[in-house]
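Q: Pasting a structure here, questions to come.
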Amino acid sequence: MILEKYKTSKENKIHQKIVQFTKHPFFGIFIAALLMILVQVLGTAGLIRPSAVDILANMWIYMIVGLGFTLLLGYAGLASLGTAGFIGVGSYVVAFSLGKLGLPLLVAFIMGIVIAIILGTIVGFISLRIEGMYLAIITLGLSEVLVEFFKFATPITNGLLGFQIDRFSIFGILFREHMVYYILVLFLILTMIAVVNLVNSPTGRAMLSIKNSTSAAQAMGISVLKYRLLTFVIATVLAVIGGMLYMSYSRSTIPNLWNLALSLNILAAIVIGGSKSIWGVGLGTFIIFGFDQLVLKSIPFFQTYGNASYIINGVLIILVVMYYPGGLIRLFKDLSGYAKRLYNKLATSWKEYRYGKN
């Protein structure tokens, strides 16, 4: 009898720990990491075609960039159309460092982060005097300047021909695509954890208060300069890291990749998915950068009319802005809440029918 009670008590404790783990804020991130790793494992086994793995790898890169953008738009309320140019900076830093200077990849990453901090600080200071549409136009102008630099600074960037680099090694280990894929996943998971911690910290709440009312935030003693600079620096660093990871994985870059269309696609991903949720960023990134290539391209109509996918994206943006400003992730949460309430109602009705109201 005592042994049975001990076993029951131990089972209850294990059950409680499992329940606590599933309710942990990082449980979803843990599951996402397993699924992302599974993609490469299945790809290596030949169960997923290599092109699909490449599409998903690019999605993880753009999700890293999108997580920085969601801090800008969703929490600080700042608009930027310079994201693509900053991604391009990251790709060319790696290309120039490895292809021209012969530097190790780790040194290239450090250089890229330093450059990103400088660029983010410059734009952050600009944001103190200019907001809204005008800030977006200025960041777009900066991005276009960077793209023109990529095109015509031939000694550094190889001009319109772009760059191609060989596989790199770290500590004597030659990294192939599947190994770089795991690095992408690691960066994405660390970024997700960092963003979740940031937005739930006093810093995240300060950013949100500045977005809601700059005057009220200043009255409460919140430094607008400090938090706007911090937000732009973080967003720019993540964009540059995305570019460096892109170059590390694809090993090629050209100036035309980093145009306004890419910045708008990243903005669309955040708006469609949800600007205040890491899962919203993931959902929006899949819709903009994955759904077309992985799903629509297999449909004959979209094979014939490839640009028709832009119509779907445009309609989605209109519907989301009109009916779900919080993004499609809010719709999923509402549907989940409705399903839970319906389940509880049906369960209660069944118990009353089976055992009576008493």
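Each residue, glycine too, has its Cβ placed from N, Cα and C.
Not my notes, these are from TrEMBL:
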- 26-48: transmembrane segment (TRANSMEM)
- 60-89: transmembrane segment (TRANSMEM)
- 101-126: transmembrane segment (TRANSMEM)
- 132-150: transmembrane segment (TRANSMEM)
- 179-199: transmembrane segment (TRANSMEM)
- 229-249: transmembrane segment (TRANSMEM)
- 261-290: transmembrane segment (TRANSMEM)
- 310-332: transmembrane segment (TRANSMEM)
Q: Taking contact to mean three or more C-beta pairs under 8 angstroms, with sequence separation of 6 or more, is the transmembrane segment (60-89) in contact with the transmembrane segment (310-332)?
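A: No, these stretches are not in contact.
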Q: Excluding the flanking five residues on each side, which residues at least 6 beyond the ends of the transmembrane segment (310-332) place their CB within less than 8 Å of a CB in that stretch?
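A: Here the qualifying positions are 268, 270-277, 279-280, 283-284, 287-288, 296.
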Q: Between 26-48, 101-126, 229-249, 261-290, who has the most Cβ pairs under 8 Å to the transmembrane segment (179-199)?
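A: Top-ranked stretch among 26-48, 101-126, 229-249, 261-290: 26-48.
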Q: Using a Cβ distance cut-off of under 8 Å, indicate which of 26-48, 101-126, 229-249 has the most pairs with the transmembrane segment (261-290).
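A: By the under-8 Å Cβ criterion, the transmembrane segment (261-290) pairs most with 26-48.
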Q: Residues of the same chain, at least six outside the transmembrane segment (26-48), with any C-beta under 8 angstroms of its C-beta?
A: 56, 60, 178, 181-182, 185, 188-189, 192-193, 196, 278-279, 282
